[in-house]
Amino acid sequence: MTKVAASILSADLANLQSDCTRLLDAGADLMHFDVMDGHFVPNISYGAPVLKCLHAALPEVYYDVHLMISEPARYAPDFAKAGANLITFHLEAVPDAVGETIDAIRATGCQVGISIRPGTPVEAVYPYLDAVDLVLVMSVEPGFGGQKFIPATPERIAAIRTECDRRGLSTLIEVDGGVNVETGPLCSEAGADWLVAGSSLFNAADPAAVARVLHSK
Ligand code: DX5
Ligand code: ZN
């Protein structure tokens with residue numbers, strides 16, 4: 001079944017623990033923790049100290065950390081220590097050091113994800129499909145929650161899924177940005193394993209109903 005990753009960027013940050021608990025009770029499977037540095041993306045969010053507190057409050061939760069930062073290998077150990085289970089970096093942040101970045105994250109003991117912006121050809125991740133646990137396909141430009149889903153995304157997911165199948169790889173595919181009850185099913189049909197949902201879940205009157213639809217495949 002497709003997993004639902006609730007993006008904390010849309011949470012009430014003054015009541016982070018209770019807002020996450022509310023979403024977990026509604027059916028979210030894991031928490032997606034967006035880190036923005038104001039350099040790789042034009043916005044600043046929060047860092048490892050926030051994850052450390054959240055992890056202490058909710059230790060059983062799986063933390064999917066999405067680093068939208070310029071120096072992922074430098075900061076990955078901080079996030080691992082703070083409680084990350086999986087750390088995803090952007091290929092575009094380290095175009096000449098992708099392999100080294102994968103190794104640096106792997107060395108922290110966390111699972112490894114690689115992400116691509118909407119304008120990056122999917123073929124750019126093909127050399128790394130057997131070295132990572134997950135590919136995160138951005139369906140909006142990274143940097144802000146609440147944006148509109150880019151319609152070309154399902155075919156990008158399908159292409160990566162086909163390449164993984166061709167090579168017999170079980171690499172997970174995650175999609176992030178503008179995922180809601182209309183766009184989420186298109187992504188799972190195309191082969192996405194994890195759907196990140198921020199505003200569509202946190203702002204929903206009935207988040208359990210949204211999670212049910214997102215889980216439906
Ligand atoms: C955007 C972030 C997303 C964002 C998703 O740069 O990576 O995780 O929080 O938010 P929604 O679901 O509202 O598009
Ligand atoms: Zn994200």
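Any Cβ shown, glycine's included, is placed from N, Cα and C.
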Q: Can you match one of Ser7, Ser18 to the substrate site that TrEMBL gives for His66, Gly143, Phe144, Gly145, Gly146, Asp176, Gly177, Gly178, Gly198, Ser199?
A: Ser7
Q) Under 6 Å from ligand 2 by Cβ, which binding-site residues from Asp34, His66, Asp176, Gly178, Ser199? A) Asp34, His66, Asp176
Q: Check Ser199 (substrate binding site) against DSSP and tell me helix, strand or coil, would you?
A: helix
Q.
If you compare CA-to-CA distances from Ser7 (substrate binding site) to each of the binding-site residues His32, Asp34, His66, which comes out shortest?
A. His32
Q) For Gly178 (substrate binding site) and His66 (divalent metal cation binding site), what Cα-Cα distance in Å is obtained after rounding to a whole number? A) 16
Q) Non-local Cβ contacts of Gly143 (substrate binding site) (under 8 Å, 6 or more apart, same chain)? A) Met36, Val41, Pro42, Asn43, Met68
Q) Around the substrate site recorded as Ser7, His66, Gly143, Phe144, Gly145, Gly146, Asp176, Gly177, Gly178, Gly198, Ser199, what other same-chain residues have a C-beta within 8 angstroms of the site's C-beta center? A) Leu9, Ser10, Asp34, Val140, Gln147, Val196
